[in-house]
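Report on one structure; see the data block that follows.
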Amino acid sequence: MATVDDLKFQEFDDAANLLAANPDATTISIDEPAEIPKNQHGRLQESGREEDDELLGTDDSDKTELLAGQKKSAPFWTFEYYQTFFDVDTYQVLDRIKGSVFPVPGKNFVRLYIRSNPDLYGPFWICATLVFTIAVSGNLSNFFIHLGKPTYHYVPEFRKVSIAATAIYAYAWLVPLALWGFLMWRNSKVMNIVSYSFLEIVCVYGYSLFIYIPTAILWIIPQKVVRWVLMMFSLCLSGSVLVMTFWPAVRDDNRRIALATVGTIVLLHALLAVGCLAYFFDAPELDFPAPIIPAHNGTVNKITMPVSPSAQ
């Protein structure tokens, strides 16, 4: 028959040897509930706080900017200086494009996507793609509208490429330059104004134009109502990115100046969209008389052909 000592819990030699070999090992008692170690719990809280700060764009992004500003930069006349503006990978560009197409309400585009590493690679190629998309789509739209008319003779309008390039690149560079100068001037007047660098403003404007690339392709549809609906939809998406980005920079200024600044930003953005649609796709067709060609029988033949004003 078993004695009382035989019924007591005993430590086995294997467990004792394991604890002696690894004294820092975590042990769990049957009588005590399982608990998360304090250091592991602290790491989970810190990681969650860092994720929230990254999404909200709090002071951590500002610290990153200050640390980035302390890095020693190359002289502006060297190739390495301009190479830093294109030091961006494909995932970052795609993420910024996604952020410009699907803006998050209440989130700052610069803090979420740009401030850690502003680039010129995305804005440059977005503008270049938009130039050729508008020029080619404008020619195709004009061709499809008059397809089948016996008096129409298709002539490619190559100068639309240069006109589109001038308008888009001037908007993507001159407007950010003027806005940057205005914000710097107001920052000297009102100390609480959020300041953006010129590169960050160019980056925001460049990525905000991406939505017009698929829109310009859909503008080939020969229906004015569909075109204008697509234009308004794209304008609302890209304009919201600009408003949510630059409103925090001017909201602490005088109320009238803040509203006038945001209104001017939206107005210039709308003028670009309306101008591209009206000039490249909705240009009115006028009838111009063709040269009089004398026939062999003594009569004259006069042919009237529709010519677009942009082809003159």
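Including glycine, each Cβ sits where the backbone N, Cα and C put it.
Curation does not apply to TrEMBL; its annotations are automatic.
Taken from TrEMBL, the feature region 'Disordered' covers 28-61.
Annotated compositional bias 'Acidic residues' per TrEMBL: 49-59, in sequence order.
Among the features that TrEMBL reports, domain 'Yip1' is placed at 101-273.
The transmembrane segment annotation in TrEMBL covers 120-141 (among others).
Among the features that TrEMBL reports, transmembrane segment is placed at 161-185 (among others). Counting same-chain residues at least six beyond the ends of the transmembrane segment (161-185), those with a Cβ under 8 angstroms from any Cβ of the stretch are 123, 127, 130-132, 134-135, 193, 195-198, 201-202, 204-206, 209, 246, 249-250, 261, 265, 268, 272, 275-276, 279-280, 310.
Positions annotated as transmembrane segment by TrEMBL: 197-222 (among others).
Residues annotated as transmembrane segment in TrEMBL: 228-250 (among others).
Residues 134-135, 137-138, 141, 160, 163-164, 167-168, 171, 175, 179, 182, 186, 208, 212, 216, 219, 227-228, 231, 234-235, 238-239, 242-243, 246-247, 250-251, 310 of the same chain, all 6+ positions outside the transmembrane segment (257-281), place their C-beta atoms under 8 angstroms from a C-beta of that stretch. Feature annotation from TrEMBL assigns transmembrane segment to 257-281 (among others).
Here the transmembrane segment (120-141) has long-range neighbours at 85-86, 88, 93, 96-97, 156-157, 160-161, 164-165, 168-169, 172, 199, 202-203, 205-207, 209-210, 212-213, 216-217, 219-220, 222, 276, 280-281, meaning same-chain residues at least 6 beyond its ends whose C-beta is under 8 angstroms from one of its own. Long-range neighbours of the transmembrane segment (228-250) within the same chain, counting only residues 6 or more positions beyond its ends whose Cβ lies under 8 Å from a Cβ of the stretch, are 99-101, 103, 105-110, 179, 183, 186, 193-196, 204-205, 207-209, 211-212, 215, 218-219, 257-258, 261-262, 265-266, 269-270, 273-274, 277. Within the model, the domain 'Yip1' (101-273) shows a mean pLDDT value of 89, rounded to a whole number.
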